[in-house]
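The following features are taken from TrEMBL:
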- 6-30: transmembrane segment (TRANSMEM)
- 42-61: transmembrane segment (TRANSMEM)
- 81-98: transmembrane segment (TRANSMEM)
- 105-130: transmembrane segment (TRANSMEM)
- 142-161: transmembrane segment (TRANSMEM)
- 226-248: transmembrane segment (TRANSMEM)
- 268-293: transmembrane segment (TRANSMEM)
- 314-333: transmembrane segment (TRANSMEM)
- 339-360: transmembrane segment (TRANSMEM)
- 372-391: transmembrane segment (TRANSMEM)
Amino acid sequence: MYVVESKGGAIACMLLALFFLGTWPAIMTLLERRGRLPQHTYLDYTMTNLLAAVIIALTFGEIGSSTPEKPNFIAQLSQDNWPSILFAMAGGVVLSLGNLSTQYAWAFVGLSVTEVITASITVVIGTTLNYFLDDKINRAQILFPGVGCFLIAVCLGSAVHSSNAADNKAKLKGAGYSPTSNGALTNEELRNLEMGTGIIEEAKAGTAEFLLELEKRRAIKVFGKSTIVGLSITFFAGVCFSLFSPAFNLATNDQWHTLKEGVPHLVVYTAFFYFSVSCFVIALILNITFLYLPVLDLPRSSFKAYINDWNGRGWALLAGLLCGFGNGLQFMGGQAAGYAAADAVQALPLVSTFWGILLFGEYQKSSRRTYVLLFGMLFMFIVAVGVLMASSGHRK
C-alpha cells in the first residue's frame, strides 16, 4: 500500500483536501437554491461518496507489497480487527449525521457562517482530542495558538453574519417588506411572495429583489422561520464533525489497545472503507425516510420521484466524489503528520466563502462594516490554517 511518509506530502494532502472539502458544500447549496429537494441531492451524493472510498482502497491501498505489519487493503479484510472497524464505522455515522444536518443549516444560516461555526467546534473539540490521542506528536506551543486563531475567526464570522443579516433586513424594508423582530416576514408579505408580487426576474445579487426571488425558487423555505432552528442544526453538526476524526484516529492507531496481540492496526485505506460504508448506510436510511416523512415543511416525495429527478444529478454526484476524496486525503495526511494537524482542513470556510461570494452573491451590496469584518475573518482563517500545518509532527 502507498504510505505518505514525508511532512511535505502530508501538507500537500491537507491542502488538496481543503479545496475539495470546501467546494462540495457550495455545489449542494447551489442545487438547493435551484429548487432541488435535499433528499434527492443527498442520495446521489452518498453514492459517489462511497465510490471514492472504494477507488482509494483499491488503488492506493493495493500499491506495493503487503507485509504483516502493513497489509494491503484486500489482505486486511479477513483479519480479526473488529474493535477498530467499529471505531471507523462510528466515525462514519457521526460524519453522515453532520453532513446531513449542514445540508439544512446552509439554507437557514448561510454557507459561509455554517462552515465557520462547524469548523470552530471541530477544531476546539476534535483537535484537542486528537492531540492527546496522538501522544502529543504535534507541537503544543504552535498547535493551540492555531486553535485560538480559529476562535477569533469564529467571533468575526458571527459578527459578519449579524452585520449581513442587518443589511438584508434594511434591503427588504426598503423594498416595501418589513421583517419582524426575529427576521421573519408578516403573513401578508409571505402571501405576496408566494404570488410573486413585486419580484423582478433576474434580479441583481445583493438586492432585496434577489433575496425575494431566491426564497420563491429554493427548496427549503426560510422566511417566517426562526433563526434558532438553523443555529441549533449547525451546532449539532459541529459536535458530530468534532467526533469523526478522533474515532478514525482510534481505528487506525488503537491507542486504547482493543486489538488482540499480533493483529496489525487498520491501515488508513481499510479504515476509510468501513468508515464510508457506515456513512453510506446511515445516509441511505435517513434520506429514504425523509422522502416520505420530510422535515422543515419540505414537500413529500417518493423513491420513484427521486429516480426520475435528473435535474442537477451530475452536480450532486460530483459533490460526493469531492467529499469522498477530500476525506480520504485528510486521513492520509493525518496518518503521517498527526490528526490534530490534519484538522487544518477545517479552514475550509475560506474556500466555501470564496464560492459563496462568486456563485451566490453573498455579501454583495453590503455595508462597509460587513466587508471589514469579512476581511478580518478570512485573514484569521489564513493564519489559523498556516499555524495548524506548522504544528505538524511525524508519527514514528
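Glycine is no exception: its Cβ is also placed from the backbone N, Cα and C atoms.
Keep in mind the model is a prediction, meaning the values are calculated, not measured.
Residues of the same chain lying 6 or more positions beyond the ends of the transmembrane segment (226-248) and with a Cβ under 8 Å from any Cβ of it are 87-88, 90-92, 94-95, 97-99, 101-102, 104-105, 107-109, 113-114, 117-122, 124-126, 129-130, 133, 165, 182-184, 271-272, 275, 296, 330-331, 334, 339, 342-343. The recorded stretches the transmembrane segment (142-161) and the transmembrane segment (372-391) share 3+ CB pairs below 8 A when only pairs 6 or more apart in sequence are counted, and are therefore in contact.
Residues 4, 9-14, 16-21, 23-24, 27-28, 30-31, 36, 40-42, 44-53, 56, 60, 95, 99, 245, 248, 252, 268, 271-272, 275-276, 341-342, 345 of the same chain lie 6 or more positions beyond the ends of the transmembrane segment (314-333) yet place their CB under 8 Å from a CB of it. For the transmembrane segment (268-293), the partner stretch with the most Cβ pairs below 8 Å, chosen from 6-30, 42-61, 105-130, 372-391, is 42-61.
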